[in-house]
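**Student:** Dumping what Swiss-Prot says about this protein:
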- 1-18: topological domain 'Extracellular' (TOPO_DOM)
- 19-39: transmembrane segment (TRANSMEM)
- 40-48: topological domain 'Cytoplasmic' (TOPO_DOM)
- 49-69: transmembrane segment (TRANSMEM)
- 70-88: topological domain 'Extracellular' (TOPO_DOM)
- Cys84-Cys171: disulfide bond (DISULFID)
- 89-113: transmembrane segment (TRANSMEM)
- 114-133: topological domain 'Cytoplasmic' (TOPO_DOM)
- 134-154: transmembrane segment (TRANSMEM)
- 155-186: topological domain 'Extracellular' (TOPO_DOM)
- Asn158: N-linked glycosylation site (CARBOHYD)
- 187-207: transmembrane segment (TRANSMEM)
- 208-235: topological domain 'Cytoplasmic' (TOPO_DOM)
- 236-256: transmembrane segment (TRANSMEM)
- 257-268: topological domain 'Extracellular' (TOPO_DOM)
- Asn266: N-linked glycosylation site (CARBOHYD)
- 269-289: transmembrane segment (TRANSMEM)
- 290-314: topological domain 'Cytoplasmic' (TOPO_DOM)
Amino acid sequence: MNKDNTLYCSAYRIAFFSEIGIGISANSCLLLFHTFMFIRGHRPRLTDLPIGLVALIHLVMLLLAAYITEDFFMSSGGWDDITCKLFIFLHRFFRSLSVCDTCMLSVFQAIILCPQSSHLAKFKLNSPHHLSCFFIFMSIFYTSISSHILIAAIATQNLTSVNLIYITKSCSFLPMSSSMQRTFSTLLAFRNVFLIGLMGLSTCYMATLLCRHKTRSQQLQNSKLSPKATPEQRAIWTILMLMSFFLIISTFDSIMTYSRTIFQGNQSLYCVQIPVAHGYAAFSPLLVLNNEKRLTSLMISMYDRIVRLESLCS
């Protein structure tokens with residue numbers, strides 16, 4: 001390995017693990033915040049459970065990604081077949097949970113916001129139950145499409161083999177036949193189009209409701225809207241930003257995946273795809289925390305308690 005390649009690998013390693021570090025810290029804060037709010041007995045919002053769940057999923061997924069990617073920089077492979085299959089399949093499994101939970105969150109928020117005259121209003125009472133069943137079903141379906149990893153993932157024995165698609169120094173994918181590749185490509189395309197399309201529709205629906213709400217508020221007040229947003233509007237904007245960010249990341253990830261298939265697992269494309277694929281898991285909790293006004297109230301309350309304790313002890 002020459003000096004330029006060494007510098008490139010070092011810079012890439014620092015950049016990727018910085019992203020992973022930010023993601024782990026942000027998801028841990030978001031998960032602890034929702035846990036603490038639940039322990040304190042605050043009345044939870046209907047979207048708190050899906051957001052807390054996706055924070056936990058992203059936390060585990062990023063830890064797995066860090067462990068798998070560390071093997072990418074090892075001087076020699078050290079995993080066996082079982083380890084490769086286990087870690088790569090678990091990573092894909094938690095990615096599927098992330099996508100399905102994000103889709104469930106967008107649909108759930110759209111159902112909550114729909115007016116009573118809408119056909120979606122009849123799902124309001126039973127929406128948590130229905131969406132939980134939908135989440136479980138889609139997670140199983142999403143993961144089953146990636147079940148071929150249990151067969152295709154193997155420990156890399158010879159780095160000079162031209163038939164393998166390299167994932168890390170220790171793990172590779174066996175090449176698939178053209179018929180199997182077409183089958184899995186069709187299933188993957190159907191899966192992505194369905195989930196991303198569902199999220200896109202629910203996002204557009206929420207944006208439409210938000211615009212209508214602003215228009216009606218302006219008509220009632222006969223003036224410009226107050227710059228202070230209501231909690232409901234902040235919740236809508238948070239979900240809209242999450243969905244928009246997810247759709248952008250998913251589009252880039254799909255393009256990179258397709259490009260890797262065309263160019264037979266090019267390593268440079270894989271190096272670009274890794275941080276792109278984990279961008280949503282790493283930075284989405286920052287969007288939620290930035291728009292979470294309850295966090296500010298919680299921090300002020302904790303600060304007041306610390307000040308009181310210090311005054312009592314002194």
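Please read every residue number as a count from 1 along the shown chain.
Glycine is treated like the rest: Cβ placed from N, Cα and C.
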**Student:** Take the Cβ of Cys84 (disulfide bond) and count every other Cβ within 10 Å, whichever protein chain it belongs to.
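**Tutor:** Step by step: centre on the Cβ of Cys84 (disulfide bond), count other Cβ atoms within 10 Å, giving 25.
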**Student:** On average, what pLDDT score does this prediction assign to the topological domain 'Cytoplasmic' (40-48)?
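**Tutor:** Over the topological domain 'Cytoplasmic' (40-48), the predicted model scores a mean pLDDT of 74.
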**Student:** 10 Å Cβ neighbour count around Cys171 (disulfide bond)?
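**Tutor:** Result for Cys171 (disulfide bond): 25 other Cβ atoms within 10 Å.
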**Student:** Examine the transmembrane segment (49-69) against the transmembrane segment (236-256) and state whether at least 3 Cβ pairs sit under 8 A, considering only residue pairs 6 or more apart.
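**Tutor:** Not in contact, no.
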**Student:** Near the transmembrane segment (19-39), which residues from the same chain, at least 6 beyond its ends, have a CB less than 8 A from one of its CBs?
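**Tutor:** Answer is 48, 51-52, 55-56, 58-59, 62-63, 65-66, 69, 275, 278-279, 281-283, 285-286, 288-289, 292, 294-295, 298.
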**Student:** As a test: from 89-113, 187-207, 236-256, pick the stretch that has the greatest number of Cβ pairs under 8 Å with the transmembrane segment (269-289).
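**Tutor:** Comparing 89-113, 187-207, 236-256: 236-256 has the most Cβ pairs near the transmembrane segment (269-289).
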**Student:** Which residue counts does DSSP give the topological domain 'Cytoplasmic' (40-48) for helix, strand and coil?
**Tutor:** 1 helix, 0 strand, 8 coil
